[in-house]
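According to Swiss-Prot, the features are:
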BINDING   Y107, G172, E187, K188, S205  alpha-D-glucose 1-phosphate binding site
Amino acid sequence: MKAQPPLRLTSQAMAFVLAGGRGSRLKELTDRRAKPAVYFGGKARIIDFALSNAMNSGIRKMAIATQYKAHSLIRHIQRGWNFFREERNEYLDILPASQRVDEHKWYLGTADAVTQNIDIVDSYDIKYVIILAGDHVYKMDYEIMLRQHCETGADVTIGCLTVPRMEATAFGVMHVDASLRITDFLEKPADPPGIPGDEGNALASMGIYVFDWAFLRDLLIRDAEDPNSSHDFGHDLIPAIVRNGKAMAHRFSDSCVMTGLETEPYWRDVGTIDAFWQANIDLTDFTPKLDLYDREWPIWTYSQIVPPAKFIHDSERRRGMAISSLVSGDCIVSGSEIRSSLLFTGCRTHSYSSLSHVVALPHVTVNRKADLTNCVLDRGVVIPEGLVIGQEPEEDARWFRRSEGGIVLVTQDMLDARARALG
């Protein structure tokens, strides 16, 4: 009799994705959409990375908790992630903050988002829950993390990575012993502690938590009854488990998915204009830090039915071309030069225009003789003829959002205000 392959732990797990955050450090990019719905990489949205990791790891039961300006996110999930089938015991539920438990309460914190949906998680009939942040870019096999969680008998297993100590103020930071048991956990400390023997770096939480559902369910109910709790995983639940239970760290390097192109584990919190621009521009490198061409670990997303990109005109100074760039479908590069840039679906660049190190979100139009450098163009922006961006910092800052790193964010509202002021 042929031996049966061992059952994957992910078949007994669900992914609960926290996707309600605004991402205020992205400024006007999140005025109309939640951070997980922000575009990334030419085709995808940021949330697609967490969902694709779950899908590729073998998880077929997922829930997405939404709150801030969720319409574009919900529409994206409905269009791009509609292939789950109940008859195959597959589920993907969208859980808006609908005040379904208490008519006066939205989601009060990350833990409360799960608490308010305990009945839905119960209906999945699962043993493990993986809590995921929906706003990070990375590739990871959650099966490996689940296996460690079971082998160590932990109450919670937390995904972690090494970051420079002074960058760790935006993360939960942990101390671990030789067995990777967490002995202390500080949420977003002003002065992060370093790793013993490596004081310049800190061990930071990725916002990925693995629990046995029975344990987490009981913990959530008790937390909901605590008037002093902020009902947040990082502030309340995780520190309590570290003090009173068994919390283990899981190093991202043990489960990150890498191809021959990638030389080190890749994880990005694209939470600022500079970080968002850099992570997208990195994809144009000859050897990108993140390999989106990995067919064994695809990034699933909604794919519009559009024609291929088109390049037209071939005369001196009016040659439609793109060098070291990513150009998505339905783009027309007409007599313009694109260098080290990323164009999302449906962009148009007209004659004699020049783009260098530009991230253009869908349906951007760049009119004739525009000269753009080091900028992010929001969806639907129409760049007027002859506009120059990226060469005069004071002029850029007068009309647009100029970041600390010198990246210029351009929205249509900013362009309209400029046009009114200039008459």
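Including glycine, each Cβ sits where the backbone N, Cα and C put it.
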Near Y107 (alpha-D-glucose 1-phosphate binding site), which residues of its own chain have a C-beta under 8 A away, given they sit six or more steps off in sequence?
G20, A65, Q67, A97, A113, Q116
DSSP three-state call for E187 (alpha-D-glucose 1-phosphate binding site): helix, strand or coil?
strand
Give the sequence-ordered list of residues that share a chain with G172 (alpha-D-glucose 1-phosphate binding site), lie 6 or more positions from it, and have CB atoms under 8 Å from its CB.
I158, F185, L186, E187, K188, A204, S205, G207, G234, I238
